[in-house]
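Novice: Below you'll find the structure I mean.
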């Protein structure tokens, strides 16, 4: 019963979003609510809503103030030298711009935070895409792949796996160095391919998917002049580097850092209260939409968790493997890992399904860590932004101004290709076995 309700909830949301028949906020709230009522959980919905919202409250605050922070410093000219440097390198060539996007994405994602990666990369690169008339789906695709393929010991899926298996992150990651390198090479190849396609399309005068104007929050700065902005460049650069360093080292929670950082750069760059409010208003739409989507995703996750639907799905999936196919469990998981990102949110898989699957594989004589490594071949890594269950998906599509359906349809084949390429490398180097 719970498995059927859970699958119906997840599949209904996924299909309706893919078909663009419902908005993310409405779907994330209404669909689990309807199925919870059908399952007899109506009287408990209030508690489920609250429990779910509590789990995403700090994340919502982080993303809201991250959007405001990067919006303010971008308006103040922080990214202008970066964009100029990239333009000098890539010129007006779509192929070079696409490859440059991939390189920038990988470098920015070294901190392991997909949200920061998207905020920086999209803000820096989207003006170039729009100037040349390039398809924003290409930008979203490269960013989604770049943040997912860039597997590092401190990214969330690795940390979740290490906590579940009681191992150090490096024990899980070290054999994955070769697959990770293969993944980056695959990303660069895909970027070059998409860039070449865009070069031909732009040359032919075709129209790409431009998204909605203003989604990225690129508003004209209101400081007195460009000279004033230039003088504040190094201040903004130092503050940004300090913020990223504090987040990476875990000195304070990201929410605290971005809230304080936003207040500081507002006061320094725009001393007049009227100008500060104008900057906040310029980015309020993006921040409000992200907050609404994040809180709605909390309701979705809260209902699925509190009703026991996700637990039932996890246990059912763990026992779905045919008898005698135990030694192929890591390979099967690796091949299905990217698509499974759509079914499971990161916590429900890594804390709910992974322990069961790893224990099952251990009972058959295998190494539990291979199940974790197999999962990392796509599950909320390469397949992360395919999923409607993760906030960063909506951050990416919100910033690029495309819909979830457009993004998923465009990204699917490239995400699967990346997952398969990394799986092949993992098999060849012995990170996972059969």
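Cβ coordinates come from backbone N, Cα and C, glycine included.
Caution: TrEMBL annotation is automatic and unverified by curators.
Features from TrEMBL:
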type     : residues : note
DOMAIN   : 15-378   : domain 'Citrate transporter-like'
TRANSMEM : 60-79    : transmembrane segment
TRANSMEM : 138-156  : transmembrane segment
TRANSMEM : 176-196  : transmembrane segment
TRANSMEM : 232-249  : transmembrane segment
TRANSMEM : 255-272  : transmembrane segment
TRANSMEM : 284-304  : transmembrane segment
TRANSMEM : 324-344  : transmembrane segment
TRANSMEM : 349-366  : transmembrane segment
TRANSMEM : 386-404  : transmembrane segment
TRANSMEM : 411-433  : transmembrane segment
Novice: Taking residues 6+ outside the transmembrane segment (138-156), which of them lie with a CB under 8 Å of any CB in it?
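Specialist: Here the qualifying positions are 98, 101-102, 105-106, 109-110, 112, 114, 117-118, 121-122, 125-126, 129, 169-170, 172-173, 176, 179-180, 183-184, 186-187, 190-191, 194-195, 198, 208, 248, 346, 376, 378, 380-386, 392, 396-397, 400, 402, 407, 410-411, 414-415, 418, 422.
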Novice: Report, as numbers and ranges, every residue of the chain located at least six residues beyond the transmembrane segment (386-404) whose Cβ falls under 8 Å of a Cβ in that stretch; write 'none' if there are none.
Specialist: 13-14, 17-18, 20, 24, 27-28, 56, 59-60, 63, 114-115, 118-119, 122-123, 126, 136-137, 139-140, 143-144, 147, 209-213, 215-216, 286, 289-290, 293-294, 297, 300-301, 338-339, 341-342, 344-346, 380, 411-412, 415
Novice: So which residues does the transmembrane segment (324-344) touch in its own chain, when a touch means Cβ under 8 Å and the partner is 6 or more beyond its ends?
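Specialist: Tertiary neighbours of the transmembrane segment (324-344) are 10, 14, 310, 313-314, 352-353, 357, 360-361, 364, 366, 370-371, 373-384, 386-390, 415-416, 418-420, 423, 426-427, 432-434.
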Novice: Excluding the flanking five residues on each side, which residues at least 6 beyond the ends of the transmembrane segment (411-433) place their CB within less than 8 Å of a CB in that stretch?
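Specialist: For the transmembrane segment (411-433), the list is 140-141, 144-145, 148-149, 175-176, 178-183, 186-187, 190, 330-331, 334-335, 337-339, 366-367, 370, 373-374, 377-378, 382-383, 385-386.
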Novice: For the domain 'Citrate transporter-like' (15-378), report the average pLDDT of the model, please.
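Specialist: A mean pLDDT of 82 is what the model gives the domain 'Citrate transporter-like' (15-378).
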